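Peer 1: Have a look at this one.
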Amino acid sequence: MLYKYETKSNRVKGLSFHPTRPWILASLHSGSIHLYDYRIKTLLEKFEEHDGPVRGVNFHMTQPLFVSGGDDYKIKVWNYKQRRCLFTLKGHKDYIRTVEFHREAPWILSASDDQIIRIWNWQSRTCIAELNGHNHYVMSAQFHPKDDLIVSASLDQTIRIWDISGLKKKTITIKPYRDNDSLRLQDEIFGTDVIVKLSLEGHDRGVNWAAFHPTQPVIVSASDDHHVKLWRMNDPIVDTLRGHFNNVSCALFHPRQDLVLSDSEDKTIRVWDMAKKTTIQTIRREHDRFWTLAAHPNANLFAAGHDSGMIVFKLERERPTFVPNGSDGVFYLKRKHFNSFDFSTGRSVVLFNITKIPSNNGTQVMSYNASERSILVSSDADGGSYHLYKIPTRDISQVDSKKGNGVAAIFVGSNRFAVLDKQNNVIIKGLDNEEVKRFQPAQTVEWLFPAPVGHVLVLTDEKMMLFDIQQKTAVAELFTPSIRYVIWSKDYNYVALLARDSLILATRRLEQICIVSESVLPKSGAWDENGVFIYTTSNHLKYLLPNGDNGTIKTLDTTIYLTGVKGSRVFAIDRELKNRHIEIDRSEYLLKLALFQKRYADVIKILRESKLVGKSIIAYLQRKGYPEVVHFVKDDRTRFNLALECGNLDIALQSAKILDDKQCWSRLAEVALRQGNQQIVEMAYSRTGELDRLSFLYLLVGNTSMLKKMITYDSTDIMSRFQYSLYLGDIDERIKVLQEAGLLSLAYITASINGLREKADQLASQITADGKTQLPSVPSNPFKLLPPQPVYIAPEVNWPLLNIAKSSAELGGQDRKFAMDNSGAVDDDDEIDNSGPKIGGGGWGDDDDIMAEDNNKNKGDEQQDSNGGGWDDDIVIEGGKGDGSGWDDDIDIGTSVSKQDISSMFVPPQPGSSFGQIWSRNTNFAVDHIAAGSFETAMNMLNQQVGIVNFEPVRSFFINIHMGARVALSSQAALQPIIEPLQRKHGQPYVSYNIQHLLERLRTLAYKSTTEGKFTDAILHFTYILHCAIFTTVESKQEFNEIKELIGVCREYITGLRIETQRKELPPTQLTRVAELAAYFTHCNLEPTHLVLALRSAMNNAYKLKHFDLSASFARRLLDLSPPGDLSTQAKKVIAFSQQNQTDPSITIAYDERNPFVIDSLSMTPIYRGSPLVRCPLCSSSYQPQHKGKLCNICQLAEIGKDTTGLQLILLQQK
């Protein structure tokens, strides 16, 4: 049996697989219905409306519906897309045991303890039939998968077969009766819709389950008499399957094999051979009784519900056994035949036959030796064995075969293969199956994998090692999770390591290139001719580049296993052992690969010829620092955003005109102003109506003529006119504006200060005309208000810019077919001169000047092409000697361009990956992602590993780790410091937290505060240590185990100190609860010094409660720890007193010192051994099951009861 998924929950009473999606429904005894995705191992949804246990649940075959029935006598129909109950069917008068949808009709079948089976129409929401006949609880009822039959099982020890063909005709067929026809009335009164076809008796006790065979007229039943019986509907012979030792809860047929599965309250699942009537496989659990079984309608998957959850499992492996035979085909094992499939012809031929099929319960591996045409098949089932076959040249029935024992076997040379035995020895054997040499690695070997000739890959519990067979030593190693498969490239320069939840690419010397995480188990993989790794999961075909970029090529309708890749054709074999080939579009990963390898000509070619320029590719190119993709984008808004990002104002201006959006013009103006393009800034401000900014622009550049025009605009308000006159230094205009505003006094002062006597006298007469107003006083030492002058007025309109080398995308954008209008020209009505280059389209002007100058220098030695009117697709520049050379990937202009011209070009460097990006790309540790700044990724990883859902308490750790991995180097006082990374070995970030730091804090602060009675401070210190342990680096596996022990110490102390803190907060009148908490405190795993204090407190509180027996018990435990003299004397007195005085029987507390227990960290009550409990995945504190899903009260981080993969810490590699 292979476990695929296991859940922890209350007792599971009903199960149902979704027919197409990787979902399973589980109905619980607690009244909840859980929807799981067993592929990604996640709880998707909870449905809670039933009052009491839910015993039956079933998915509809085609609609987004499921039905449930429970002990509240209700049948509920749910829509899982809307996540709600649609309606409730009422009619049963007792517990509902099973519910099921009909495969075609809109019916629901329900069985109940009211001894009635009902058929409901879920569309009309009515009961259309009642099946009476059983005289005890009806435990199950099911439709036949094809015929119009129902099988039911009851505690009256009978199984009934019901014929519902009459009901189907009545509800679906229109009967040819008139309204008043007597035959219709007779049929309605005396007609029978459902009849009993068979009643089967043979069980000695009640029958719990009965089910039809999917294709044969056979029924299986499970009973409380511990038997499973097989009934034939057309034969009185009954077969009995004996083996269970308790009530058999459920039984069903295997959908594709002649097998029967049954589960029982004896805590086993048994698999029976129908022909031999014997048990062939047994699955046991230690403490959980099984209650129900379910089979997937289309896949080889089964599920079983038990007391503490459910399991999803397979009976055997479905992975085919195959090995590539080079680059043109694959060898694979199909039943008893070894076959060869040729990629070129698409034909499969039989190589040879074998007499016995290898067991597929274990891991099977096939290895091929091309030089000797030998195949080696190994399996770890039944202790491990291998078979060596020599491929025959003629008679396929005669094959040279040798076998031996070994956990794993693999070819390591043309005439050698390595075998791993049970004693951890790696044995090298020849093709004659004789031992040549052996060696024993220092660590326990789990498996052997292929490697380059003369080497073997050895997997241990924590790393992969490359062993040199001749030297018998490890020449390279790589710390990895548990690796399942290894796939080498054809030249053995690169290797892909597939783990359960990640993929690692490494070099021949096991130097890690990149690592990526996968939520779904990687199944297989193959390298293509470009060095890209193609791999599959259960439902996707994906790719992985050497830089860590990965993506999905296509979705798969079934699980396949890759056997080879040739161009755009992917070859695979499925679980039915059928060879397939899939045509794929490689454009996406070839584009990314070309970018990674800086083959920009290929990038341009791919962008032109494919339809890749979508949002995902645009975002990818932006993220990688290539916004020049704007040349290939059609959407105007996206084109505008990309043009601004790469600083291409010409394209941005074109898109802004089309969009004509105020926000776009404002952004364009901001970027254009940064580049000094006054023309575009002026246009943008004009379009947005930002005249204040436009006037300030004119002031900066000294454009007084436009400022004067702005004053004369009819729309200009008086305040703006005054501002413009200030910018111009126009005194007369200022005075005129002040006069129009009625500010004659200010106008008089302005005229007087600037020496305009005539104007000042004229204004003075207007001010004093009424004979009352006096002239304002003029400042004694005035100075004139003059506008600032521009620092530099450029001879050209726009500010001068550097001549930069054009990007590859811009160079490629000049092709005639895909040419972009990049001239940046503005229409005449926009009042901006179009001075763009004329030759070859936009953006080529500066380069043309260089070439023109070069042509003038070499005028006497070379002639231009007679057809040189424009640029062709392939640009040819002829050198001084007349031999033409075309443009290559790296353009070489040759000697025709002078050094002065080359030095005048500024080539901006391409942005590379930051050290944060490199860190996050090459690690699967959350701490490294935190240091890199990938906080969200780190939080997702910590949630999966230790179930953390509340990250606020560890926020300071995130910040400290992120900042601690960087150092600021100051250069000059006026400049910003240079940020440099602090890295550990292999280029990963340095993490300052280690176990010494935690131990120092434990001894000097946490223990000290506890001893001094500062419990609040002690809790803070222990909590800090617990939180810090998640982010600590360790140097050995021993330190990793010490970290786990340290987490346990913190858990015990935090629990105990919280108990003690709660005890001190209780009022003195609650003596019983005080004594209980003091007693619980003594069961925390504390240091002897602290345990003495806890026992003293418990002893005193029990004595105050007058529970002398308990007080004496604590006193004895106290004396066992050799306490100080005065405390020892007190304990002896308590023991003596308790011997003289009996405890009042009415005094009881919730504490049993003889029954082992753990403390519920929320309710602070004991959970005794054998009682159900859930734990925190981080600190392992215990809780009662009803607290599942809540936040842990001890660590304040993790979700109680969450399924996780376990804590992962960075193991520093020591040399």
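A Cβ is built for glycine as well, from the same backbone N, Cα and C atoms used for every other residue.
Just lifted these from TrEMBL, have a look:
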{"type": "REPEAT", "residues": "47-88", "note": "repeat 'WD'"}
{"type": "REPEAT", "residues": "89-130", "note": "repeat 'WD'"}
{"type": "REPEAT", "residues": "131-165", "note": "repeat 'WD'"}
{"type": "REPEAT", "residues": "200-234", "note": "repeat 'WD'"}
{"type": "REPEAT", "residues": "241-282", "note": "repeat 'WD'"}
{"type": "DOMAIN", "residues": "336-574", "note": "domain 'COPA/B second beta-propeller'"}
{"type": "DOMAIN", "residues": "616-751", "note": "domain 'COPA/B TPR'"}
{"type": "DOMAIN", "residues": "815-1213", "note": "domain 'Coatomer alpha subunit C-terminal'"}
{"type": "REGION", "residues": "819-888", "note": "region 'Disordered'"}
Peer 1: May I ask for the residues of the chain that lie six or more residues beyond the repeat 'WD' (89-130) and have a Cβ under 8 Å from a Cβ within it?
Peer 2: 14, 55-61, 65, 67-71, 73-77, 136-143, 145, 150, 152, 154, 162, 164, 167-168, 171-172, 193-194
Peer 1: What same-chain residues lie close to the repeat 'WD' (131-165): Cβ under 8 Å, and 6 or more beyond its ends?
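Peer 2: Hits for the repeat 'WD' (131-165): 94-95, 97-98, 100, 102-103, 109-113, 115-119, 193-201, 203-212, 214, 219, 221-224, 231, 233.
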Peer 1: For the repeat 'WD' (47-88), what is the mean per-residue pLDDT, to the nearest integer?
Peer 2: 93
Peer 1: Under DSSP, the repeat 'WD' (131-165) has how many residues in helix, strand and coil?
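Peer 2: Per DSSP, the residues of the repeat 'WD' (131-165) fall into 1 helix, 20 strand, 14 coil.
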Peer 1: How does the repeat 'WD' (241-282) divide up by DSSP, counting helix, then strand, then coil residues?
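Peer 2: Each residue of the repeat 'WD' (241-282) counted once, the result is 0 helix, 25 strand, 17 coil.
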